[in-house]
Amino acid sequence: MSLRSANCLFMLVVNVCLYISVVCFFSSSSSIVNSRIDNSWLNELKGSIDETNSTVEIVDKFNNYQIYPRIISIVSKDYFKFFKVNLRRTCPFWSDDSKCAMRYCQVESCQLDDIPIGLKGNHHSLVDEDMSIKYMEGPQQEECEEAMQDELGYINTTISAAAMEDFALWQAHDDIQDMYCTLPDDDGEAEYVDLSLNPERYTGYKGPSANRVWNTIYMENCFRPKNLFEVYTISAKLTGMCLEKRAFYRAISGLHTSINIHLSAQYLLSDKRSTFLNPCGTGFWGPNAEEFERKFGPKYTKGEGTQWLRNLYFLYLLELRALQKAAPLLKQVEYYTGNDKEDETTRLAVHNFLGIIKKFPQQFNEHTMFLGGQQAQKLKEEFRLHFRNVSTIMDCVGCDKCRLWGKLQIQGLGTALKILFSNKARTNGYNELSTTVNKHTLQLERSEIVALFNAFGRLSTSIYEIEKFRKLLR
């Protein structure tokens, strides 16, 4: 064996030993920390889920054994792991003075060669007939003479260019009435990100900047009881609000809860900078029971932690219902990336998944909301505008990776709300969306489908992680 080979072997052994020692150290440290934590409060997370017909136990069993393995497999496919997003928008509400400088906050964007060919779109220039010129042309002389012969029956079908522009604006106005957030594709600065290379986990982004984002969402954009000055609404006071406003608050709270679970389950346990033995520099992530306790334990949440966790289950059932309702449309999608074998596997996986969730009884009933004529429609529009504003606040997140996952999950929830409450969401006899395609029926963009599946995957993962924390704390 050469001296160089011997040195390489030595370095490999040292790295392996170092890795094992770090893992063992944090495993033992975790056991010590966990033994100091009173986990009895987590036993209160059971029974009925507010505003639904289900229970925590039913969802746990259904999700952890049937849904979680399938949705994780689906979102790992090329069609779902490439998400188009604009992370360069400036915050419209305050100056962005707290940009996270930690390397774990950074997002790795895709190079053009990394993107599946089917997602790049058609780069060939297609020259269509200039319709504005066509409609500006008046009738020819012969047509005028014929028209004069039957003047009473003549209909002038010419349309000016200005009118055509107005029609486009009217259509855009109609379309936006169904939008709960801004699509990334609407922006020229949007670019593809490989979600598998940018996992959601603890980055070190915290403090006043992060708190300001959530405080703004809760204080200024959530429906709240009158004369309440605390950031979070005490669960007992929610009963004084109407169903629609309670549902909005629970959805936002459920999303916040889900994100906090991800950060606790994938916590930065060790930050190894670049060294001779570790030239790239790597962090070690894993479950942090102490952080989970700080986020949800009664000592730190005034007893509200289990209710926040329960709101996660509410949001899970809401997005599950949206997937059930949209199943006919989702079955028609080709999930095209240009890789025939991969695309066929993706279609089969999605169809299998939709078949499984169809068997789960409907636990969230959207038809009980926004009833009561004109006043209900006014509340529905207020509901939509509140959520659209929340989606805009995501541009104020100072950590790029946190902003990425925040925007994705907000868009996923916005897509679910669009499916459930859009005026175009016409259903068939099975209470599912109609597959008839016209301007009066609801359609979904690729980015909405990707966001919906990934957002639900995040909720599914959170519920799965709760079970792991239960076992860890025992």
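From the backbone N, Cα and C atoms, a Cβ is placed for every residue, glycine too.
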Per TrEMBL, which of Cys396, Cys402 is disulfide-bonded to Cys399?
Cys402
For the binding-site residues Thr203, Ser253, work out the Cβ neighbour count at 10 Å and name the residue with the minimum.
Thr203
Rounded Cα separation (Å) that holds between Cys105 (disulfide bond) and Trp214 (FAD binding site):
18
Using C-alpha atoms only, work out the spacing between Lys295 (FAD binding site) and Cys181 (disulfide bond) and round it to an integer in Å.
28
If you measure Ser253 (FAD binding site) to Cys402 (active site) at Cα, how many Å is it?
17
Between C-alpha atoms, which of these recorded positions comes nearest to Arg201 (FAD binding site): Cys181, Cys399, Cys402?
Cys402
What is the interatomic distance between the Cα atoms of Cys399 (active site, nucleophile) and Cys181 (disulfide bond), given in whole Å?
20
FAD site residues Arg201, Thr203, Trp214, Ser253, His256, Lys295: biggest Cα-Cα distance, Å?
21
Distance [Cα-Cα, Å, rounded] between Cys402 (active site) and Cys181 (disulfide bond):
18
